[in-house]
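Before any comments, here is the structure.
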């Protein structure tokens with residue numbers, strides 16, 4: 001019942017929100033122009049603008065291919081989102097709400113049809129990019145500004161349900177990236193990635209399964225360069241299910257020791273504190289935490305899903321919040 005039925009309401013609200021802006025400019029927040037930035041068979045990229053004021057957060061709502069309502073909480077500073085896990089050739093209606101606290105202040109909608117599946121889009125001969133590399137590097141001295149080179153697709157993390165990937169762009173730049181792979185059923189999947197990104201976490205994978213990932217660097221819609229890697233997802237039995245116990249043991253065993261050599265090695269101590277819930281929807285939870293001392297290379301969030309299966313979500317060491325979808 002969370003999804004709005006009357007589509008016209010936001011349009012009626014708009015004139016009322018814009019009329020008194022001269023008196024209440026600081027308090028008023030306006031949401032406009034929900035545009036489609038990218039479409040693949042299994043994802044849609046959306047962008048929007050906030051011409052006046054600001055929102056604490058956004059909430060994107062839509063119905064999946066089975067008609068079930070889905071809700072995706074988004075950080076208030078964001079102006080774009082990629083919605084993964086969609087079905088090919090399916091029409092979706094997306095509703096984006098701007099929130100102040102828990103109150104929905106403004107709302108925009110758009111309708112999108114996902115792309116048709118294109119299995120032949122995935123490259124079969126994996127050696128091609130390696131043959132192309134030397135040719136792309138030879139004439140770079142003449143065409144350095146125009147040339148963009150993609151290198152080193154590395155695996156940064158592996159869990160039973162996700163894989164973290166990193167890459168470098170030693171020369172030039174790309175407008176965007178596209179990660180392609182086949183799911184456990186052999187269906188092609190495509191994940192669009194922002195051109196400024198150098199890492200991605202691929203969720204929704206199956207445990208103990210071998211995946212081959214193909215990362216393309218794009219200029220406009222043209223694929224300029226390409227790297228591949230093969231990864232086996234982890235076995236769920238490798239996870240220690242009571243992960244909170246191990247962290248508690250670590251903190252209790254390590255906490256007393258720094259008191260003695262604290263002067264020599266305060267930098268070695270890293271403390272994780274205060275895991276707080278920042279947002280809750282019917283199908284997602286936002287979490288925040290603090291690191292009062294030291295720093296961590298990365299974080300790993302573990303939990304069991306509704307079926308009791310262990311899930312693990314790797315998180316960048318600089319992050320202090322995550323949304324669990």
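Glycine is treated like the rest: Cβ placed from N, Cα and C.
Fair warning: this is a prediction, and the values are worked out from it, not measured in the lab.
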Which listed span TrEMBL calls region 'Disordered', if the choices are 233-266, 267-300: 233-266
Range annotated as region 'Disordered' - as stated in TrEMBL, picked from 114-146, 147-179, 180-212: 114-146
1-26, 27-52 - the one TrEMBL records as region 'Disordered': 1-26
